[in-house]
Structure formats: C-alpha cells, structure tokens
Amino acid sequence: ETLPGGQSELTGLFIEKPESTTVTKGKNVTFVAKVDSSDLLRKPNIKWLKGKWLDLASKAGKHVQFKEAYDRNTKVLVEADAGGYRCEVTSKDKCDSCTFEVTVEGSLILSLSLILFLVPRGDAGEDAGDLDFSALLKKRLDMKDVDVWEILKNAKPCDYEKIAFDYGITDLRGLLKRLKKMKKVEPKKSDAFLKKLEECYSVDKGKRVQMHVELHDPDVHVKWLKNGVEIKPSANVSGCVWGHAYMREGFRHSLLFVLCKYLILSHSVLLCLSICLPTRHVRYVFESVGNKRTLTINKCNLSDDAAYECVVGEEKCFTEVFVKEPPVTITKLLDDVHVVVGDRVEFECEVSEEGANVKWMKDGVELTKDGRYRMKKDGKKHTLIINEAEIEDIGMYYVCTNGGESKGELEVEAKELEVLQSIADLSVKASEQAVFKCEVSDEKVVGKWFKDGVEVQASKRIKMSHIGRIHKLTIDDVKPQDEGNYTFVPEGYALNLSAKLNFIELLFNVGDQPAFSHIPLPVPPLTDPPKIHLDTSGTGNKNTIIVVAGNKLRLDVEVTGEPAPSVCWKKGDTVHTVSSLLPTPGVPPWVWAWAEGCSRHVLCGLMKCIFCQVISEAEGRVRVETRNLLSSFVIEGAERADEGRYTITVTNPAGEDRVELTVQIVDVPNPPENVKCMGVGEDTATIMWDPPNFDGGSPVRGYLMERKKKGSSRWTKLNFEVFESTTYEAKKMIEGVLYEMRVFAVNGIGMSQPSAISKPFMPIAPTSEPIRLTVEDVTDTTCALKWLPPERVGAGGIDGYIIEWCKEGEDNWVAANEEPVERNLYRVKGLPTGEKVLFRVVAVNMAGRSPPCVMNQSVNIREIMEHPKIRLPRQLRTKFIRKVGEKVNLVIPFQGKPRPVVTWFKDGEPLENKSVGIRTSDFDTILFIRTAERDHSGTYTLSVQIENMQDKADIHIQIVDKPGPPVNVMVTDVWGFNAALEWKPPKDTGNTDITGYTIQKADKKTQEWFTVYEHNRRPSCTVSDLVMGNEYTFRVFAENICGLSDEVAIKLQYNRPPFKEKDMSSSPKFTAPLVDKCVPAGYSTAISCAVRAYPKAKIVWMKNKMIIGEDPKFLMQNNQGVLTLNIRKPSQFDGGKYSCKAINALGEDEVECRLEVRGTGGGGHTVKSTLEHIFFFTNSLC
C-alpha cells in the first residue's frame, strides 16, 4: 500500500486492514484488523483511536466492545459514531498503523402508508375523488429501478420538492440532511496555507526527514509543534539558508532585511542572499525560503515518531512521522562447540546494533532464562551460557533477529574416568590401622565403599575421606570381622576398584615359659641356599615389567634361604640397596633358633614375620623395602630415565642367586610435528603431518584432529575414532574463511599434547582461466603479453600468474617465469628467432593452478617495424621555465622499432654544448643540465628517426634571473601629505616579465625604510600619509618570478609648479533618466532622476509639455542633484507623459517618462499593497 506523498508503508505488519464504510444509524458495525505474527517475538500491543488522540479503550463498555486474539482484533461499533478512526500496532521495535472512515446515515422509511394523501389522481377524471391509489402505485411500480438519490444530487435545490412529490418522498427534512452528507464537501480554502503538510512521512532510523509547507504571506511567523509542544530552534543552525532565512526578531527589522525584501519584491534585481551560520549537527533545522517553510529532523530515532503541527496564527496543519528501524543483522556467526559432560558451554555472536533483542532457540524451541540457560548481553555481543553440559544438551542452537539467524551445533561427549592409582591388598595384625587409598582423574567424582557387596557405613573406627582426586577408607583397631573384600565404586561410572584385607591372628602367647612345649619341634637344617621367587608371568615378555609414566611401580620379590640372605638391587653398575633379615633384639634365643629351623613350616613362617625387623637402606623416589620375606623395589612416579635392566642378587653363606629383569616405562607419545596444509578445495583441505619423534614406548594407534577459525578460541573435533594415516582431508568448511589445525597422537597409554598449530589456510577453489590473452609487442627474441584476470576469482584471490610457451606443433610447455607475477603484463624472453610459438597463462592461488588460457594463433618471433613517435610529457608542451642555478632534467619517452636514432638540436643547430648532457636508452632520452644559465634558454628540438621515417618535437626552455633596478625614478608632484612617483621599467627584466614593483620610503631624520606598496603593477604610484615639512627618500624594486631587483635610492628634490584652479563649469546632464511606471489609482507614487551641472541648474517639471505649477497634488524635491516628483494619490487623470528639464547658462538637458494609472481610486482605507512598500522605500532612498 502507498501512503500519501509517495511514502512507502511503514513495516507491513497488517495482513488485513479495516475498510471505510457507511452504516445506518442504530445498526452495529464490526471492523477486523489482522496482523502477521510470524516475525513477532511476543503478542503485539493494539490501540484503537478515534480522531487524533481519543483512545477508545477508555470508552469500552456496552457501547464499544473489543475482542482480541494473537492475529485478530475486532471492534463492535454501535450508535451514530461518524468520523475518522485509526488502528495502531506496536511490538517492541516495530510499528504500523492504518486509518478508516465511518459514515452514519439517518434511516429513511419509504412506506406506502406515509405517501402524501394529497397526491391527485393522474388519469381518473373529475369524478375520481381526491386520491387515486391505483395510479400512484402504478407510477411507483414503473419507477422502482430508478435511483432517486442520483437524480436529487444532480438537480437544482429549487426542484427538490417537485422530485420528492413525483417519487412519493414525504420526509423533506430527512431528504435534505441526507443530500447534505452525500454531496462532496469541498475543503475550506485556507487563508494561511497554499500547501499543507502531507498526511504522514516515513523515514528510516538514523536518516533525515523534511516537512514542507507553503504560505500565502512570506513574512508571517510560523511555529512547529511536536505532540502539542513547541519545538525551539537551536542556537546554531546547521548549513546555509538561501533567500529569506529563519532570522531572529532583531534582524527582521534591520535595514539589511528591508533592503533584501525590497529588492526581491520589486523584481528589479534578482538577489540570492546566503547567510552561512556555523555548521553543527543539530536535531531540528528550520528553513524559510520565500513563502516556503521547512522543518528538517536529522538522525531520526524512535522518539521522533510523533504527531507534528505547523501553526500560522490561528490556523494549523497536521502530519505524523513514522520512524522505521533497519533490520538487525548478525555480524559474527555462531561457532560449533564440542565439550565433555560437565564443561561450561558458551555460544557467542555479534549483531549490527547495540542493545538489539535476539531470540535463542534449540531445535526450534525458544529458550528462556532459568537455572539451566543464561543469556548475557554486552553491547553488540550476545552470549548463551550453559554452566554444566549434559548429554541432553546435544543439538542445534539458533540465534534469531529480525534481520537473520545463525546456528551452531553442540556436541557433548561422555567423560571417561581414569584411574591414576588403584587400591592394593592389605595384611594387618590386630589393633593395627588399615588404609585403602585410590586416585582418579576427576576431582569432582564421588563414590561409595563396599565390603563384600554391603555399603560401608562411617563410624568412630571407620572413616571415609575425599580430598581432591584421592579417596581413602581408614579402619582403626582392625578386628577379625574386618577381614574381607573392599570395593570403591565411583558414582556415575561403570567402574569399581577392589582389594582384599587379610587379618593376621596369633595362635599362642609368649611368656616366661614356652607356650608350645607340648608341640613336637622338628630338627632344623643347618643351611639353605638363597632363592629368588620372581613371578613375571603376567607382564608379557619374560622378566619384563611395563610401567606407565607417572604411575607407581612396586615389585615384591619373595626371597628364601637359611640363614637370612642379603639382597642387592642394581641398575647397570649402580647399587640401590643391600638389606638382610636380622634377629629382633629382646627375643629369647631359643625362639629365634626354633623359628629359623621351622622356616618352611607355615606356623613358623608367621612367627618369622612377627619377630623379623624390616630394614630399608634407601629412601626417596626410587627405593627398596624389605618385609615379610619380601624385598620390594619401589619407584614413585615413574619417569623415562627409570627405564633399563635391573639385577637382583641374594647371598648367604650357603650360596647366591641372581635374576635380571627389564623395566620398560611407557608414556603418551610426543605431539605430531610439521602440521601443514598441502592443498585446499572449495570447502575441503588436505592436512599432512609427521609422526611424533617418540611414541612413548607404545606404538601409535592413530591421530585425532581439531580445527578452528582464525581468531576464535573454540576448537572443533573432526574425528572421534582414531585416524591411522598421517594425511587427512578436512571437509565441510566455509570458503574464504581462515582455519587452523592441530593434531593429537594416540597410543595405548593415552593422547599426546596437541601439536603446534598449523599456518592459517583458507579453503578455496582454483580460479577460472584468465581471459583475453593478446600480444602487446614482439621482437626478435621476446614477446610481451597481456591478459585480463579470471571472471571467477573466489575468496582466495590470485597469488599471481605463470606464463608458458611451446613451439607450434609440439606439446612441451616451458615455464617463462619461476615465481608467479602479479601484473597482467609480462615479457617472455629468450624465444627462438623466426619460430612460431604458442603461449598460455594460468592463474595461481592457494588452491593451485587454474585451467590455462591458450592463445588461439601462434606468434612469429621476429622484429616488427614500428613508426617512430615522441610522447612529449604534458609539462613540456608549454614553455619550460627554470631559475638560474637550478637543475634541468627532462625525460622524454619515445617509441619505434627497431631502435630509432635520436638527435638533439638547439635553435636549429646540432646541440654541442658540453654543459648540456644527453642520455638515450631504448625507450626514452634524457636532457640534463646541472646548473642552468641564461645562455641555456632557447628552443630545443628532439628528432627520432628510423630509416626514412622521422618524428620531431620542440621544447622551449626559458632560464630566468632577477631583474635589474628600475630607471629614471622621479617625483612628479607633491600636494598636501602626498607625493606622486614615476619611473621606467628596468633595462634587464631577467629574461621574463616584470610582475610588479615594491616602493619604500625613508624619513631623512630616521633613515628607516618602510614599505609603501607591494606588487604595484604600474610604473607610477602615489605615496600618502607623509608628514608635511619632512624630507623623504624613496626607493623602488622591480619584481619578477625570481624575486626583487637591486634597490635604488632617490632623494626628494621637487620644485612645486604654480597652482592653477580647475574650471568646474559644465552644462546640465542627466546621469539617471526617468523610468516609465504603471501604478494603481489611489496610491501615492514618485518618479525620480539625477542631474549634474555647474553652476546649479534650474529644474522645471512638466506634464504633457505643460509646466507643473504650485499644485498641492505634486511635491518637487532636489537633494544633491537627485530630483523627485511625488504625486499624491494619483487618478487616471494624472496619467500621461512627464518630463524634467534642467537649465543653466551653459545649456540645458531634458528627460521624460510615461506614467500609467490603472483602476479606480478608493483604496485609501485598505491594507497597503506590496507596490506601495516599493514606492515608499524608493522615496526614502531619494
């Protein structure tokens, strides 16, 4: 829909608008407005207004009812409510409105019973009586298809009664009322406005809108109102206002304003008055040009969406301004996010305007602020935050504005729990403390402890703790019932860690007397050779132990032998520790001897565990512990340096035993190396890298890749299963966007640190082939080619071009350039003379080579004859001027093949001056003068010639210098405080024109020089402001483009000539003639002219050659030679030919004009016209 004034519709929210209608009084009417809610975030606000400001919501009730739905608004109107209505819809930053009219008519009952009973019978004769219903009914039946109202509208008012009688209308008053409403009421002509404001204006937010009105009176003052409040003008108005400007009251009554008004209204002078005020960006700018008034609103915002009025006296005109907001676009799109369970998720985007509203959605469902989702707004940046991601959060997330949308995918991966240290089996005695300890990778993981499948409950004796990643179960004062299998189960993971608690219980007590005297004791052997019982069956290779770097290694080795052997651990030649089992002090000797003799008996083994002391001779990260017939080798936090061959040696007097074993430390591999992009496509890239230089002791199983956009901090995984090759093709990328890659290596232990980030690369497709490959120039060994860039370049641009050639009939293309050239012009060199050669060009960028552009025809490599031609630079086509001492360096290019012969001439003679240097190349020649002298001036001719073909060019060089001093300086006259000087131009002008003279004066007393004139062009001047009686000296400098000449001093010696009075006598002569005029009758006027004469002339005014006497109707004035004849309220009788004659003793002169008086008198009491202002102003000037 188009609004008045050519304005486009505001926002187009309406699907269906209410339409103007005419209803009968007492009936109901319903208006429906439908709004498009597809782009609205919430239910819009709707207002129904009557007239300009009356909100019908305040009138709701039985008379006016409203029904609303999201897309439907209904108003039920009853009774006679004629007038204009408006429906407004607003929704945050959107708005729209529409108008409609309601016309209420009075009911007109055309009933047979109300037909006038005085209607005579038309065809019944005299005996028919007073009424003839049959004739009347017949007449109405014949005319039931006639539209009576059309007849009434086109009829004269005097015929209304007859038509009503003919058609049986009895309610004449109702007829007149209806006709009055049906007739088109012509708008009342405004006394103040020629053209009013448009009904409404539409403008985009941030743009400018102008509202114009035209007035009858150009001098009237106007007011502009916004929502009923006057808009005050700013102190500084921006820009230039032409003609009648908006001026303050003081300026409107100034002489300048009156003069401008007179000149404009008189049409005698076309004046454009420009009042330029200081420029400053202001909201409201008022302009007044003639009878046109303009209100300009700069940088409109939503607060400018209002109703405006222009007030002139008591009259007003109204309009509305609707401000449209531009759609909000998304400038930074969402990135895909890949996290693990429990991580924080942030989707971030940027929009085109600060403070704009956006809508966040997940899989088509709008997200709201709750404990799970949090939306943050910071200027143009909008962020959706999920504090702890879960598997249910996987999906596609959208951010929507009224100008577009962006989406990003969220992938949530289940978090794997890694066991850093498992719990170990324990064997403890009664009343001792048992501690089960394990360590997992996540500090936030909680778990439960179970004993034989039953959850362990905390008590004073049993305590459970969780500190960081370490979980502990502590049992104080161990009892037999504590023995069993203990399990730790992390919550939320299908994982459990188990260990066994063994309780050791003594079967006898030791006192002053032996407790087992009733048990027969075997006779112990005297010696037993040492033996190492090493079990490495579960480690893979025999005697090889594999340990993950950072984990704890504890190798328990059982050692037997009698007497107790000593144990020695070695790595290479390094002795770690030596330990032995010794008797415990304070134990009776018979007990020890009995225990030694029963070393292989189970009961005696328990005795030995109790009465043996554990001795550790090495403390630290790598140590050896001896206990319970065990020698334990411990490495805390295994490192790569701990890898190697170890030897354990046990000795006693009965012999020696030795075992060698290998400790292998395995770790995650080192990061891959040299990650780089080997090629790109339109949305793909081929990535290659080198395997890690150390695989961690375990073979590399594959690699994981991640990518991100350059400048972003969010990495996106490209594969979830390990990729075995070292070359990977990344897909689904955006062409023209810079990406970066990194790679992780994975082995049996875990994943390495990320590799170094690759150099940024951009997925692009190769360009199309270059076009229009043509030959620019050919010589005997070279060929110059030129071409145009490809039609399709793509986001990667062009790095350069490769030019290739081959002989005709062959397919061996030779590259003419090793590095790509950026220009679209290249000269191929080293071509075979006399051969026919083909050429082709390919464009190169990151994606590779484009298809070639091949020349259709071969090129014959031979010299081409070309006419010689001089390309004279523009500055040398006119006279070339330089000062003495300056350098002259002229570079003049030429063309021609083969190389032309270059010759220089000066003034028609060969140039042989040694101070002028000449250098010539294949394509230009240089004329060089190190220090220019005046002798170098002249006409230089350049000639280039090839055989009998020749071209010439003339160069005019002018070397200029300072001029000489002026000559014959003299004082020609002295009068009052002035002196007249004259001189002649200098003999030496410096080889150029004299541009002016500088005159200085000096008082004889002070001898200080003061400049009187600068750049005086004439060889004479008048020096003023001299002191009478003083003696002065003057000096004059000549000046040209090089500067001032040498000075010359002249002493003032002047003989005053006798004074001769000048004769001022002259005959009368009119300097300004009379002008023909046409004036209205009854308005005073004046005619004027100007005369010059000496002695003073006598003035005679005549009308139609008759002298005007002392008639009071005429007033004659003479003001300094300006003659005025005032005619008071002329009538048509006063028209005719008026003349003015000036007479003195030396002669006379006469001028005349014609005065025409139009119309009749009697306008003395009316408002003065514009012409009276003009005549009055002329009078005042005269």
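Even glycines carry a Cβ here, placed using N, Cα and C.
Taken from TrEMBL, the feature domain 'Ig-like' covers 4-103 (among others).
TrEMBL lists 187-312 (among others) with the feature domain 'Ig-like'.
Under the heading domain 'Ig-like', TrEMBL lists 326-397 (among others). Residue counts for the domain 'Ig-like' (326-397) under DSSP, helix first, then strand, then coil, are 3 helix, 35 strand, 34 coil.
Per TrEMBL, domain 'Ig-like' is recorded for 415-487 (among others).
On the 0 to 100 pLDDT scale, the domain 'Ig-like' (530-662) averages 66 in this prediction. What TrEMBL lists as domain 'Ig-like' is 530-662 (among others).
Feature annotation from TrEMBL assigns domain 'Fibronectin type-III' to 671-767 (among others).
If you look up TrEMBL, you'll see 769-864 (among others) marked as domain 'Fibronectin type-III'. For the domain 'Fibronectin type-III' (769-864), DSSP puts the residue distribution at 0 helix, 45 strand, 51 coil.
What TrEMBL records for 868-956 (among others) is domain 'Ig-like'.
Here TrEMBL flags 965-1058 (among others) as domain 'Fibronectin type-III'. According to DSSP, the domain 'Fibronectin type-III' (965-1058) comprises 0 helix, 50 strand, 44 coil.
Sequence annotations record features per position, and here TrEMBL assigns domain 'Ig-like' to 1068-1156 (among others).
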DSSP helix/strand/coil residue counts for the domain 'Ig-like' (868-956): 6 helix, 53 strand, 30 coil
